[in-house]
Amino acid sequence: MLGAETIVAIATPPGRAGIGMVRVSGPDARAIVSRFVTSIAWQPWQAHLAKLLDQQGHEIDQVIVTFFERPRSYTAEDLVEITCHGSPVVLRHAVERALEAGARLARPGEFTLRAFLNGRIDLPRAEAVRDLIDATTLYQARIAAQQVEGSVSRRIAPLKEQLLELIALLEAGIDFAEDDISVAPPAEILRRLSPVLEGTERLAASFQYGGLVHQGLTLAIVGRPNVGKSSLFNRLLEQDRAIVTEIPGTTRDVVSETAAIGGIPVKLYDTAGIRETEERVESLGIERSYQAIVDSDLALVVLDLTRPVTAEDASLIARAGARALIVANKCDLPAAGDVPAEAIPVSALTGQGVPELRSAILDAVAPKGVLEHETGFITSLRHEQLLREAVEYLQKAREAVASIPHEMLLLDLYAALRPIDAITGATTADDILNRIFSTFCIGK
């Protein structure tokens, strides 16, 4: 399904830069670019030095033109990339000349949409392109790159193939029903259905960890005044973001910032010290501290090892419940007491124990090693929801194998096939595709 129109867009971020790129894709890409660059050989997949011209034929810039001949291009169409100096004026001029020559401005994500529609990539790979662009940590980029190479698609394909084989078996059983030949007894159906169901369930369940890669964690740092919450906040961020003083109540409101812990984006919340107070502004800050515990995935309850554990400390730990990680700060000081059971000793001042704290944060949300070594999990909420839908129909089919005719069983199996196909884009509605690709940047 090659695009009938030729599209153009700037493919590099806005603003001044050393270089910039304009992309042109479609049946007339080569002819359109020929209108505003000097003559080149147009050898496919080779870089050609040329000059970008204005309407009067004056040189605007010296550029590199690369022609990718269909179908061996990103979009599977004729594609031309013009690399020039990254002046916004020069880039806009190249786009304007392409528009004058018959191209139209590309919509967000339209280059990747064409790659999908033309069979160059499937939908999970297209979505992974967006995730790679949006990656804020190297770990996110690594997982997205694996998905661009097909890690999700490779796990979906055998499930679909096994399901289609079972459907074909049942369809054949219906064809031979008049001859009293049973080609698909219940035991055989269950033998074939069980691995499909179990594989789909495992893949859906992998979102529990894969979702962390994409969505990240929220983590509240809470405790009494002057236990070192802001110092720990700064230490985890590896920058001085929060104000640190010896005056109790310095932090009056929740301060948030994002850090990378083990490659996972973690939204950190530094909160007001929790204590009894009649001061109105501080009281509001303390209320927000309590709310931060409720809203966060984890709560670091910070204790001061130079002071005894109090009822307020115990109350905070109880309030955080299973989400609590107890941090015993100031372990470097001579006055530090014994570390409470289950607490992680750290020094926010020197960094002692902070690597162990980072590991404990990751271990609290995923089994040790899962995030480091697992690469086949899904990171898309859309994929997880569709897999859960498929699981529902597969479970219905398994429960009814021995009690309903094959025709009825097939209804559930076909119903399970639809969401699986929707993941890969085989049967995805246009409005869903538009919603997905509208989240891409223009030029990609």
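Every residue gets a Cβ built from N, Cα and C, even glycine.
Non-local neighbourhood of Glu81 ((6S)-5-formyl-5,6,7,8-tetrahydrofolate binding site): Ala11, Met21, Val22, Arg23, Val24, Val65, Thr66, Phe68, each in the same chain, at least six residues away, with C-beta under 8 Å from its C-beta. Annotation note: Glu81 ((6S)-5-formyl-5,6,7,8-tetrahydrofolate binding site) sits in a strand segment as assigned by DSSP. The (6S)-5-formyl-5,6,7,8-tetrahydrofolate binding site feature in Swiss-Prot is assigned to Arg23, Glu81, Arg120, Lys444; the stated evidence is sequence analysis.
In the shown protein chains, 19 other C-beta atoms lie within 10 A of the C-beta of Asn226 (K(+) binding site). According to DSSP, Asn226 (K(+) binding site) sits in a coil region rather than a helix or strand. According to Swiss-Prot, the feature K(+) binding site maps to Asn226, Thr245, Ile247, Thr250.
Residues or ranges marked as GTP binding site in Swiss-Prot: 226-231, 245-251, 270-273.
Annotation source Swiss-Prot lists Mg(2+) binding site at Ser230, Thr251.
Swiss-Prot lists 216-366 with the feature domain 'TrmE-type G'.
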Remaining residues near the recorded (6S)-5-formyl-5,6,7,8-tetrahydrofolate site, that is with C-beta within 8 Å of the centroid of the site residues Arg23, Glu81, Arg120, Lys444: Ala11, Ser25, Ser73, Tyr74, Thr75, Leu79, Phe111, Thr112, Ala115, Gly443
Neighbour-count leader, CB within 10 A, binding-site residues: Arg23, Lys444: Arg23
Distance [Cα-Cα, Å, rounded] between Ser230 (Mg(2+) binding site) and Arg120 ((6S)-5-formyl-5,6,7,8-tetrahydrofolate binding site): 50
Largest tally of Cβ atoms lying within 10 Å of a Cβ, found at which of the binding-site residues Arg120, Lys229: Lys229
Local Cβ density at Ser230 (Mg(2+) binding site) - other Cβ atoms counted within 10 Å: 24
Neighbour count (Cβ, 10 Å) for Ala272 (GTP binding site): 27
Site extent for (6S)-5-formyl-5,6,7,8-tetrahydrofolate (largest Cα pair distance over Arg23, Glu81, Arg120, Lys444, Å): 18
